[in-house]
């Protein structure tokens with residue numbers, strides 16, 4: 001075991017595990033095993049209305065059935081309100097966040113006007129200087145101006161990435177108007193708290209990475225290495241998800257789905273990885289992953 005490597009898979013319990021989720025789980029599991037590291041599972045269940053009762057337990061059971069069991073007990077984000085509150089208070093004390101009273105309609109109108117003027121579509125910072133008589137609805141993190149707003153990072157799959165937070169995003173939400181914690185704060189805090197060193201996830205989250213890196217800097221926590229795998233799309237070119245009708249995985253025979261997931265990750269042509277047993281598949285798949293992303297040798 002390599003104590004210097006800690007990775008994770010972080011599903012949302014909005015339904016059963018489907019093929020798109022399996023690709024993300026397999027990629028993160030293979031990277032952890034190729035590095036001799038620790039693989040964790042975090043249940044991202046902050047969005048109460050979308051959370052399906054029993055889905056988290058079903059996902060964990062399906063992962064185990066497919067041969068992927070976390071090395072430490074799973075963590076549920078819904079139990080971590082006090083920790084997120086402490087992180088926000090740290091940012092408040094540092095003067096890095098501010099309350100925002102803008103409604104969704106006001107923000108949409110502002111972005112529509114900016115589009116018509118062919119200017120930036122980022123949040124315009126309406127409440128940066130005060131609420132102007134409006135009640136506080138959310139908390140936003142200030143992003144810097146000028147060259148300090150540009151966050152550049154090297155992705156292990158997608159190569160060098162860069163985003164100007166000031167012009168492409170604007171001050172972004174850490175706590176929503178409905179009282180829910182925003183994805184960016186919860187993910188950054190949980191990764192740091194768990195000592196995550198390597199994040200392997202779908203490329204649909206590539207756009208969030210610059211924000212997360214900037215927030216890590218604000219909180220004074222380490223930045224992990226990132227690898228964003230291509231997402232699975234349906235016949236219409238949309239990301240395969242529960243919302244687009246993705247079906248649950250076949251529980252009785254995991255190998256065909258695993259082989260297809262490995263093929264999607266470019267590890268082998270469909271069917272080339274050995275069948276027969278999960279152990280044989282995972283040995284071959286881990287070796288194939290290590291040849292591309294290292295460092296299993298030795």
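Keep in mind that glycine also has a Cβ here, set from the backbone N, Cα and C atoms.
Around the Cβ of residue 10 (L-glutamate binding site), the same chain contributes 41, 42, 43, 44, 187, 190, 201, each under 8 angstroms and 6 or more positions distant in sequence. According to Swiss-Prot, the L-glutamate binding site annotation covers 8, 9, 10, 11, 12, 44, 183, 201, on the basis of sequence analysis.
For 11-21, the entry in Swiss-Prot reads motif ''HIGH' region'. Long-range contacts of the motif ''HIGH' region' (11-21) within its own chain (CB-CB distance under 8 A, at least 6 residues past either end) are made by residues 41, 43-45, 47, 50-52, 55-56, 58-59, 62-63, 202, 231-232, 239-242, 246-249, 257, 260-261.
Under the heading Zn(2+) binding site, Swiss-Prot lists 100, 102, 123, 127, citing sequence analysis as support. Secondary structure at residue 100 (Zn(2+) binding site), taken from DSSP and collapsed to helix, strand or coil, is strand.
Per Swiss-Prot, motif ''KMSKS' region' is recorded for 239-243. Per-residue confidence over the motif ''KMSKS' region' (239-243) averages out at a pLDDT of 72.
Taken from Swiss-Prot, the feature ATP binding site covers 242, and the record attributes it to sequence analysis.
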Additional residues around Zn(2+), ordered along the sequence, whose Cβ is within 8 Å of the centroid of 100, 102, 123, 127: 101, 107, 125, 126, 128, 138, 140, 171
Helix, strand and coil counts within the motif ''HIGH' region' (11-21) (DSSP): 3 helix, 1 strand, 7 coil
The one of 8, 201 whose CB sees the fewest other CB atoms within 10 Å, among these binding-site residues: 201
